[in-house]
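Q: Got a structure here, written out as structure tokens. Questions coming.
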Amino acid sequence: MRSYSLIAPAKINLYLEIIGDRPDGYHELAMILQSIGLADQIDVHSISTDSIRVHCNHPQVPTDKSNLAYRAAELMVRQFPEAFAKYGGVEITVNKQIPVAAGLAGGSTNAAAVLVGIDLLWKLGLTQSELEDLGGTLGSDVPFCVAGGTAIATGRGEQLSPLPSLDNIYIVLAKYRSLEVSTAWAYKTYREQFGHSYIRDSDNLAVRANAVHSGAIVKAVVNKDAGEIAQKLHNDLERVVLPAYPQVLQLREVFANQEGVLGTMMSGSGPTVFALFESQQQAEQIKLQVREAIIDEDLELFVTRIITHGIKVVSSV
Ligand SMILES: C[C@](O)(CO)[C@H](O)COP(=O)(O)OP(=O)(O)OC[C@H]1O[C@@H](n2ccc(N)nc2=O)[C@H](O)[C@@H]1O
Ligand SMILES: Nc1ncnc2c1ncn2[C@@H]1O[C@H](COP(=O)(O)OP(=O)(O)OP(=O)(O)O)[C@@H](O)[C@H]1O
């Protein structure tokens, strides 16, 4: 095969607790990550020149070495020079549907798709765990994007424990098109404001990280109880993003005031806010109501659902 098309789903954070700081500058986390139906399409194919080329339909996404998809291809070239010599370069086309810098892991899922795509193109036969480990060197969210579904993520976010798949939960996502939040800024600001309350003893850190495994939201996920999951949504980064970005706070409040919303939360470092529903019909209805409540052409709204997979190959030629 010379070419693969892959679906690269976005994620939301059902739970994000910052439990400590780390000597490497990152934060120790306890999260529950969830794949959603909103996705980019990534095409990868072999080219005769020994180069990496990236194309993207979104004007704000770079196509040079700063693109995470490019960096994923570069990593594969470094790791597998013989396969690169045998199969040649790679051309990557990103059809971007996931909002950029939104807290939805858009770049991370593109990188995950490129790792999976090149593994197939070059017939490397890497295991999922090997792909996740490679992904972890590119970004904290990349291993989850390789795995997909529903998972507890600890460490920097790269240590995954799968949870039973959720289904039949519908989502409205809301994001102001022109509003972007830097992930590095969100963590740095959290550390400056709340760092004094961190646990610094590594044994206790491990205990806290393990606590999420038996936490209330995990029980709700295991019981597939959408109402209970929605009640237990949590994201520590809201503590810094909501005060700094009143528009995000407003979205949270507008969702919270709509009847039929099971729960609402900011995803990751924001600024996307999501709300959970028991039916697609309810989600579509609330999308209309939010559109009427906030008259602003900058506001993007999407209806999607929770899904059970990560990167998926849709065609090969
Ligand atoms: C906010 C989340 O999306 C929630 O899933 C992730 O924690 C961020 O994942 P990501 O974008 O893949 O993050 P990375 O590319 O690894 O890191 C971006 C920046 O976020 C900060 N960062 C990230 C993850 C982490 N556990 N602690 C951090 O402090 C670091 O400043 C880092 O420079
Ligand atoms: N393939 C890519 N898709 C989107 N953005 C990319 C990509 N590669 C690099 N970027 C850059 O990365 C920045 C963050 O974009 P991205 O959409 O990955 O953020 P995010 O959804 O907040 O990620 P996360 O939830 O993992 O923190 C953007 O400003 C963009 O310029």
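Placement of Cβ uses the backbone N, Cα and C atoms for every residue, glycine included.
So TrEMBL lists these for the protein:
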{"type": "ACT_SITE", "residues": "K11", "note": "active site"}
{"type": "ACT_SITE", "residues": "D141", "note": "active site"}
{"type": "BINDING", "residues": "P99, V100, A101, A102, G103, L104, A105, G106, G107, S108, T109", "note": "ATP binding site"}
{"type": "DOMAIN", "residues": "67-149", "note": "domain 'GHMP kinase N-terminal'"}
{"type": "DOMAIN", "residues": "218-293", "note": "domain 'GHMP kinase C-terminal'"}
Q: List those of the recorded positions K11, P99, T109 whose Cβ lies under 6 Å from any atom of ligand 2, in sequence order, or write none if there are none.
A: none
Q: D141 (active site) to K11 (active site): how many Å between their Cα atoms?
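A: For D141 (active site) versus K11 (active site), the Cα atoms are 9 Å apart.
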Q: Of the recorded positions G107, T109, D141, which ones put their CB under 6 Å from ligand 1?
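A: Checking each Cβ against ligand 1, the ones under 6 Å are D141.
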Q: Determine the mean pLDDT over the domain 'GHMP kinase N-terminal' (67-149), rounding to the nearest whole number.
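A: On average, pLDDT over the domain 'GHMP kinase N-terminal' (67-149) sits at 97.
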Q: Which one, from the recorded positions K11, A101, A105, T109, has the smallest tally of other C-beta atoms lying within 10 Å of its C-beta?
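A: Comparing Cβ neighbour counts within 10 Å for the recorded positions K11, A101, A105, T109 gives A101.
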Q: Among P99, G103, G107, all listed as binding-site residues, which has the most CB atoms within 10 Å of its CB?
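A: Per the Cβ count, the most surrounded site is G103.
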Q: Starting from the Cβ centroid of P99, V100, A101, A102, G103, L104, A105, G106, G107, S108, T109, the recorded ATP site, name every other residue in that chain with its Cβ within 8 Å, sequence order please.
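A: Along the chain, the qualifying residues are A10, I98.
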Q: Would you mind reading off the Cα separation of A105 (ATP binding site) from K11 (active site), to the nearest angstrom?
A: 6
